[in-house]
Ligand code: BDP
């Protein structure tokens with residue numbers, strides 16, 4: 001063993017005896033390795049007597065440190081490091097490079113199925129000795145394997161049965177931070193930006209490392225540091241130097257840095273007359289800028305671009321297409337191996353056709369025109385991260401262009417950081433939706449993982465919900481959304497319930513009754529929010545600009561499609577947006593099988609009814625109720641469900657840490673108030689059109705409609 005390895009081993013063992021006191025704040029996320037019950041720990045100690053883990057890279061060293069610290073926390077004992085396989089109970093961790101002898105073992109066969117980032121975890125006999133093996137082709141794979149193994153221990157699972165071989169289905173698994181350089185976070189509800197630009201590059205906040213650990217532990221391998229509404233300053237030398245420091249900190253955790261690029265930067269920073277992508281001077285400016293970025297960050301991931309959308313500059317300012325704009329940046333990045341993630345969230349700045357149609361109209365004709373290192377980033381739905389949307393019609397419609405998913409983890413439209421809404425169910429609802437692009441089973445997941453169209457470049461982005469809040473995400477349960485996003489970026493077919501249970505166990509421990517009651521609560525929670533905000537396919541009813549609270553009355557703004565009345569179309573004749581052939585025709589952007597599913601209001605699933613149809617108030621639902629009764633049922637039911645959540649949580653008193661218990665309890669009380677506000681405001685507002693009574697047995701809203709319309713909310717976070 002060489003001297004460096006010995007020193008690292010020594011440091012690792014010293015460190016694992018110096019654990020800081022257990023934080024009760026939620027700061028440690030799902031990586032809080034509290035002691036396991038004595039019997040479980042004793043059992044593991046029998047099977048984990050020694051660690052054989054040669055360290056040859058920074059990433060190995062991180063993995064080893066994580067393992068030792070966690071095992072010490074869970075088992076109360078530091079793993080003994082050895083150089084050779086022991087008789088029983090060795091944990092062997094390595095790659096073909098660090099453990100060449102492994103190549104001769106049957107277990108090495110699994111390496112053929114784990115790619116560059118995957119891993120195998122197996123309990124097997126090696127040279128006749130019962131051994132647990134974590135193997136991978138690279139150090140990144142080892143790091144992911146170690147985190148997965150720690151999850152096994154946290155969940156108290158039997159390690160003698162371990163036989164897992166996995167690799168990510170999506171290559172680029174990114175967070176998008178909508179973080180501004182002044183540290184405000186657009187649509188951020190968990191404090192300020194994690195990036196302390198003023199003190200960077202000099203001060204390396206330890207929190208950057210904890211951020212990287214958390215992401216690596218769920219498979220995230222990239223981060224876009226700055227807001228899509230980008231400030232060109234991000235591309236100047238001082239900020240690149242700061243970003244390079246973050247990249248250095250994140251690198252051992254397998255995380256690459258990317259930046260949002262402002263399309264007009266050549267004008268703002270380079271004093272050029274325009275930013276026309278076909279102007280050679282502009283192209284040269286970007287080539288030089290990209291080369292400069294790579295001098296700071298040699299493994300820079302690439303650019304994210306919001307162009308010609310909501311006032312952002314873009315190629316259309318010069319009569320050029322999105323493809324021409326994206327390709328110019330792609331050509332600059334290509335020699336260095338970088339990619340362009342070009343957002344499809346665009347809509348015309350003139351009076352719109354149905355906004356739901358616009359991204360498709362704009363991008364579909366460009367299919368096949370993008371460079372190989374461009375991937376088009378499409379939001380999960382065609383409007384804008386609503387509590388429920390049908391999947392975006394672009395998925396499956398551009399077989400000649402790599403498409404990636406953009407989810408919003410931050411809860412801009414799902415109750416900010418006061419509402420408990422587990423988004424794993426929202427993510428998987430979209431991912432498992434069938435586009436029928438190539439017959440049945442053409443799910444959105446198969447579009448973005450490349451298996452449907454053969455696209456080589458695959459990626460997923462999640463708009464981050466992290467900030468300086470001590471528990472990172474504001475609401476303790478919002479941590480589950482960060483966690484679920486990472487897991488689904490690794491495997492878009494993953495089961496939302498399995499992920500929620502995993503998170504619960506790793507966060508709150510393995511008490512069966514606690515898991516058994518909190519899991520159904522989490523699984524229902526997003527539907528609950530839909531019920532009291534935008535049931536039956538309604539969408540975009542929230543307060544003006546800040547998007548807090550109900551605002552179905554919002555009208556007469558500078559753009560029709562920034563108002564609520566545009567989306568719900570409520571009048572005496574009924575409610576809902578007709579997107580069938582008799583209306584905007586947006587439904588025709590989907591495959592015929594999808595059209596058939598939604599076209600007939602008699603058979604259209606209730607969840608999407610008013611998304612696709614404008615129906616009279618007395619329309620008969622499948623349940624036999626009138627539409628008005630069903631609408632009221634959802635609004636009132638949603639509030640009752642929040643009360644149920646409160647009762648479920650109250651029953652956990654004494655079973656979870658008291659600080660977190662109280663915080664969730666208080667937040668659920670706020671959620672109940674907010675849900676009631678949504679219910680009363682929306683029911684009263686729509687009642688003026690339906691002219692129908694609130695069904696018998698349901699309590700009347702406390703105030704008249706004008707009261708709700710006149711509520712003002714000042715200094716709402718996230719703008
Ligand atoms: C909207 C947000 C806005 C973002 C925009 C986007 O309200 O703050 O800039 O999405 O995705 O939902 O670009």
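Each residue, glycine too, has its Cβ placed from N, Cα and C.
Model, not experiment: these values are computed from the prediction.
As recorded in TrEMBL:
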type	residues	note
ACT_SITE	310	active site, proton donor
ACT_SITE	384	active site, proton acceptor
ACT_SITE	412	active site, proton acceptor
DOMAIN	29-148	domain 'Alpha glucuronidase N-terminal'
DOMAIN	153-472	domain 'Glycosyl hydrolase family 67 catalytic'
DOMAIN	473-697	domain 'Glycosyl hydrolase family 67 C-terminal'
SIGNAL	1-23	signal peptide
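All protein chains shown were included, and the count of other CB atoms within 10 Å of the CB of residue 384 (active site, proton acceptor) stands at 19.
The Cβ of the residue listed as 'active site, proton donor' lies under 8 Å from the Cβ of 229, each of these being in the same chain and 6 or more residues away along the sequence. Summarised by DSSP class, the composition of the domain 'Alpha glucuronidase N-terminal' (29-148) is 54 helix, 25 strand, 41 coil. The Cβ of residue 412 (active site, proton acceptor) has 23 neighbouring Cβ atoms from other residues within 10 Å, across all protein chains displayed. Here the Cα atom of residue 412 (active site, proton acceptor) is found 10 Å from that of residue 384 (active site, proton acceptor).
Taking the domain 'Alpha glucuronidase N-terminal' (29-148) as a whole, pLDDT averages 95 in the prediction.
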